[in-house]
Amino acid sequence: MGNSYAGQLRTTRFEEVLHNSIEASLRSNNVVPRPVFSQLYLEAEHHASTQEAGRPDNEEEEEESSESNSPPIPYQMKPPPEGSCTTDGFCQSGKDLRLASIANDLLEVPPGFLLVGAKSPSLPDHILVCAVDGRFLPDETGRNALLGFSGNCVGCGEKGFRYFTEFSNHINLKLTSQPKKQKHLKYCLFRNGQGVLVKGPLICWKGVDGRVKQAPNANLSQMTSEELLPTPVATETLPATGHHAPGAAAVQSDVAVPGYTQGASAPLTNGRDCPLTQQSLHQSAAHGPGKPSVADNGALVCVSQGCSPLLPPTDSVSVPDCLLQNCGLQPVVFKGHGRMPALCGNVSDVTVSPLLETCYRRSQALPRVYEQYGASSIQPLSTEMQILLTVYYLVQLAPDQVPLVEDLEQIFMRSWRESHLTEIRQYPQTHPQLPPILPGPGQPLMASQLPWLAKLAASSCGPVVLVLDSPASLAEGLEETFLGLLEGKLAQTNYVIIICTPSGQEVESCIVVTGKRQARALAESMYTPGESLKEIGYQLAMGKVGVLGAFFSTLGQDGDVDSLLGEFRLENSQSSLSSSPESSDDFLKGCCAEYRVEWHQIRPIQLAVARKLLSHVCAIADSSTQNLDLGSFNKVEFLIFVPPSEVTFHQIVLHLWSSGILQELGLDTKCTSLTEAEQYVVRLNHEAQGRITTLIQKSKTNPSTLFVLVHDHAHWDLSRGPYSGGESSTGLVDSLLNCRGIWDTPNILMLHVTSFPFALQTQYTRISPYNEVHWPSTFSNDMDLYHEKTKYFGVSELLESTRSGSGLPLLRYDSSFESMAAALGERFPQLHSAIIRTHVLVQHYALALMAAMGRSWLQKHTSVETLEMVQSLLRSSRSCPAHHGPMVLLRIPSLPLASLAFQRLRQVRDGLGLQDRFEIILGNPGAPLSIGKKFLDQLKMWLNIQDSDWVPRTYLELEALPCILIFTGMDPQGESLPRSLKYCDLRLLSSSYLQRTTLEQELGLASYLVKADPQGEQMGLSDLSESDPEKMSGTDNEDDVVLLDTVNCQPPVLEQPSLVARQVPDSSVLDVDKHGGHQAVSGAASAPRSQPRPQRTPSKSTSSGSSSSQSPRGFQCSWAHGRNRPPVLLVPKVVYDVITSVDGSGLPKSTSFLPHRAVQWASSFRPLLSKMMTCTEQSLYYRQWTVPGPQHMDSSNRAEGRTDNFHPRRLLLSGPPQVGKTGAYMQFLGILSRMLIRLMEVDVYDEEDIHSEVQTTTIQYHQPGAVWPNADILKVIPFDYTVHDPKYEDISGVYSLQCTSGGEGSARRQDDVYLRRRTTRIKLSQYAAYNTYHHCEQCHQYMGFSPRFQPYESTLHAFTFSHLLLGEEIQLYFIIPKSKEHHFAFSQPGGQLESMRLPLTSDWNPDSIKSPIFTPTTGRHEHGLFNLYHAMDGAAHLHILVIKEYELSVYKKYWPNHIMLVLPSVFNGAGVGAAHFLIKELSYHNLELERSRQVEQGSRPQDIWPFIVLADDSCVMWNSVEVDTRSGGSAAVERNVSLKQVLQHMESSPDITRYGLCGLRKWSSKGTRLGQHEEPFSRGHLHDFVLLNVDVTRDVQYNQNRFMCDDVDFNLRVHSAGLLICRFNSFSVMKKQIAIGGHRTFIIKTKVTSDPMSKVTDIPTSVPPSQYICAPDSKHTFLAAPAQLLLEKYLQHTSQHLFPLSMRNYSHPVLSVDCYLNLGPEVTVCFISSRPHSINISTAGLFFSGLLLYFCDSFVTPSFLKKFQFLKGATLCVICPDRNSLRQTVVRLELEDQWRFRLRDEFQTANTKEDRPMFFLTGKHV
């Protein structure tokens, strides 16, 4: 129906307002009283509206209430048998019971049994089919049902269920209350004429209530159509068109559709709720193709009156002959209440619409949402109230206004809500309890009161609304109305309301629309868009428009264009004899200094959106569903699908070609022509099927390639498949992009791109709401983050220009044109309004052209707007020396009408001699562009194009060409328009079928990006026509200004203008693609394909204002002057009123329209969109309140028994038109490719060994290329004390005799220590270790998908041992997955853990690793490289993660199939030394247990394998250096090898058990020193990855207190113990840079001691390292950190104060006994072991600058210390765990004999007493 200004009802009752209005009308004499509707339909309380905003609308039948209102007792179901099926909708035997699934199956029903439908709370949208003994079911009166139950399962066939509780468990009802057959057996089931099992009437359990009366028996002919739906929808379904356009799917479900009768086939519907017979499908040509007529509706009138379709109608009405001819209109009859009489006779002159009847029925369904919460339902609006509200609505409409069904629907909803406000407000408080029975509204409106109240309401508008209440039947009222039309009595009447109130019967009503404008609009609105175009083509083909030509020819000098053209030609031929026309060469010689060609560039916001898309893709990959494994892809390929528009196709190709994406993705390295780019863009026509098939096949053969399908302009075709072929593309998108091959292929990712996503956001959408990416709003505060230099000008800005009040608005309507079109519409009622409006508009353009050429008297016969556009077009091309000019877009959806306008305007233009001034172009989506040679030469000259065959293929290439573009096609298909577009003429836009998408995509043609200059020249956005200088000087738009860059703009130009490869001809600041991105409009598109890309150089800035001095003859290019202004938009008056009016939420009225013709409202009980809603919230709104129509491609996507049915790899990018989405998704493809390459790469440390210049020896001990080390030779090699690992660049050097000058003069700047370590990016090999984000197919079993065990099933086992250093038993915990229990020995299966199994030394298995691998880790549960499946090349191995107790849950979550060793809680704050200590001691204890266990089995103790591997959690790849035989052995090559090969090689070394420690070197890109013979094995420090012999090193322990350098300390003590350390120099390990976790988890925080609980602050401390210690018993800021960590940090950073003589003094190191501590890089440490028989360096003649004693044991004696000499003033530092042991150590070692101590030289770490600080004492040597 039509427009209204919807508000909300006041709190006053309708009856009170009604009586007040009656009283006012009786008291008033001349003043028309205020209508009731105006008093009601105002703003209501916000509280009442917001309470209903989020309530779901559920149309399911109300469950019967129990006898009492007490809350239900919770019911506990019996657990199902083990192994049985528990899926909703299936029985425990796994058989489907859902009606939608088995409706066509043959079911076994024993005699006496009936099929009934049960409802499950967990499946509200489904009915479960059951077979029940009819004796236990009630009859039609609700009686005679036996107590008890007897039923069978129709799924598995199990019989004899005697209790309904047992039966409900079997069919998985999953009830929360006591099962009752009366409560859960709902419907009788029957088979229709097609043999399909369908839902029948409700089972009458408790007598006849209101609902049972509708279906008292099982007579199928009396059931409503809603009950006959095979798959009922849980929510109310609204028609596809909800406006004054009762269009294609006006009524689909809840209108009275003809019922299916037994033995009859289902009737076809013509989209207007009219059943079509085969005869009506082949209707006569008199009505034209697709023309709606009463002949189509006659059957509907007979069968849609609530009675059986088999019953004939009792009344009929004969339509008079020549009704249309005599009255000049085709009346529209709206069915209302009651039985509609059948029409006969001249039915082609009358249109019958069911839209009003549908609205009435929907309003009566509003209370159903509350029925499920109460025993008593809230009454709907009465029939009388509906009719009266309809009268008031029609009364308040303007004379030329067309009613809208949305307005009437909102009126009904708010009126009902107001009348039941008390009940509605109590709804939230009463849930979930049943509400009490509430009184109904006040005295109801009686049927006897309705006629005179309706007449009283209609009296306020005179004869516009006429109420007929006297007829005895609707038939009589219709006959009276038709007679009144013939007699001319209804000339001033727009609506005739027929009301029949027969005594004792229901009120009947209908409305006849008799207003000419309203009847025409409503009749045409019944066409679908396709039918409308067919009707227009039919009328043109049949020559019916000849009457228009005859009419215009009678206008003479006032408008006969042909005669005026004849006169002009005569005058022009006489004047041309004396004047010489401008030659073509002179026309092309002009040059405009302001014309600029700018290069393609990406705006920051486009890159931001591309990154948002990438983050969503990563989120899919990171989810637990494992639907996308990004780590398995190394390449990206793509296809872009676009609508079958030639312009759109070439536009995307051009953008793709100029973006460089093809080269970046490696798909086309040269990209010298557009042909290469065309293979990646696909038109959605019949050729697309082959491309999709090829892509699916290619995706299967290339699993390592990620294929991205970009569906651009995704809202274009939403039709449901299958695709039938031919020229029509209906259903093609569904057949191609929703096919099973696309859905199931794991390496295909789909991206839908659209400006109007509403139709893709329904209840059955395939796109997850989490996979939507919305363009950032221009009103968002985050826009400043993107540093945008442009401002988007879209629909909201257009509307703002109409409200600014300054200057002319950019959005306008043409009142003169509307008046003339309306007058001709009344004169020629038989013609389609689009034909009339097109002829009038062409007439206006023709007369405006003549008026501009000197026929000034013709201005009064055209409109001001048309004249302004024509004058601007003609004058602007003359004001520029190069003849640049604007574009005028004329939108004509019908191709025949567009062709007619094209021919007519060209005829007028050529007749006036203007063929050289501007071009007229027909923009047909299915055909390439065609322009004249003269204008083609102009474009080539402007763009420096040398290719003679070049022609423009996109509208963007028409930049600055003065032209009228006649843009045709039913809908725009993504075509972008140039920035020279100045006027967008949409006056021919059809207002008959307006949905939000249809309207906004037409308005989106005028969307624009304007450049904002932060400096300052301001220019209003209002249109400033060159033809009116007063407008230009008088406009002062301060509210709506955009800062324009006209002075400092420096667009780059070509260095060599003759070379135009990949040139982007856009004269604007930013070229906009069809989504607004910087489109590369290429003249080069046409340039020689093989030419290289030209160089870009910035040109000098050019000012628009100074162009007159640069251009000849004082020209100023008006095109350049206005190129940064948005275009002016002209729309029809109806459209203007719709988009400029606002609804109750403050949004434009169009936003409340149905979003798309292919979807339907899920319920009329829905809130309005809110003005404050974000795009995400709008998406959720449409996902809740819309459902796809039956022809929508998502209608088949309804989730069966699941919560969603989203495609796992499908994304949606939405943003306003022309904003830059094309550029964004192309950037997304680029960064996605870079990310995949990045995922295949890793940042590894790439550092050369430090102190490599220090050579310990030049002797070659092993032969070059030796495979294994020789233990005897290795003993001869001197140990290299120097630490070469680059990560230890900032530690103290270790003194050795071989390197006497290594540290001299090597002072470093202090900041060098903190410089970022050097890394390089390396591609991952097939033998890499991975973190938790890697999950390929091969890793599934490794990660826990074992067929023998349930995933992630693991057990906890305790393991206890004792150690002297710890002083007590230590209990560790193993978390052992079931799949890894074979690595351990238990006392019995499932019993106590005894030991970890170890192999024998002699064992050899090529597919197994003997050494257990321990990886201590903290803070790296996601990023630690614990997946060794590929690194081990599939070999069996034992890998154990060593973690802290507080991190157990998170590590177990990410690595459920890994064995974990959990350290005791006392070690939660310990460092890596504790982990190494416990690993080593546990391994030795386990070795002893294994020896005992295997000795009993006959093995020798020495045969048990004693090695373990200690591996860092960042080791990513391993390499092997081999001699290159091709170079004669003089060069070495390095290649990636598996960890399996490295370990098996080391484990196979001869005499391997003689070695204490084996390891690898650190990888560096420098590799080995080429040309030199490096020793293949050496003795020195080992780090990060070591093979440790726990047997021979049993007496050497890691220091469990250490945080840093514990490996250096351990290496020195192992060597001093005389054990062999071997580094395999032919192997190297790569370490990945991991920025989190590890030692970074130790953060020093301040401890607040004023709190008795010693609260720890949350922020790291800013205390310098010098404050990490303090004097004992002093008031100091205590720190929350381990004492050992504070000590090590203090020694590292403040050693210059502690050992001043040692600074940069390599010759006099600090003596460190039995330990190595880092004293900073400027101090050298000499390690000496106090153990007997230990290996130490010779200290003869060496004077030490200091002495460091750390936790001295009994091996350190006074005599031992007296062996060493110290410099005078050398510093002593004694460190002990507590104060007492410190004093005892000083006394025991007799330190006071040679060292001087002071009381103030005693210190402690800055810990509180409960944190057990460490103490140390310093002294000076005397």
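Heads up, the Cβ atoms here are built off N, Cα and C, so glycines get one too.
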(message) region 'Disordered' per TrEMBL: which of the ranges 1018-1038, 1186-1206 is that?
(response) 1018-1038
(request) Please figure out which one of 58-207, 302-554, 600-1043, 1412-1635, 1660-1822 racks up the most CB pairs under 8 Å against the domain 'GREB1-like circularly permuted SF2 helicase' (1098-1247). (result) 600-1043
(request) With DSSP as the reference, give the number of residues of the domain 'GREB1-like circularly permuted SF2 helicase' (1098-1247) in helix, strand and coil. (result) 58 helix, 24 strand, 68 coil
(request) For the domain 'GREB1-like second' (302-554) and the domain 'TET-Associated Glycosyltransferase' (1412-1635), decide whether they are in contact, meaning at least 3 CB pairs lie under 8 A, counting pairs 6 or more apart in sequence. (result) no
(request) Provide the three-state DSSP residue tally for the domain 'GREB1 N-terminal' (58-207): helix first, then strand, then coil. (result) 18 helix, 38 strand, 94 coil
(request) Report the mean pLDDT of the predicted model across the domain 'TET-Associated Glycosyltransferase' (1412-1635), rounded to a whole number. (result) 92
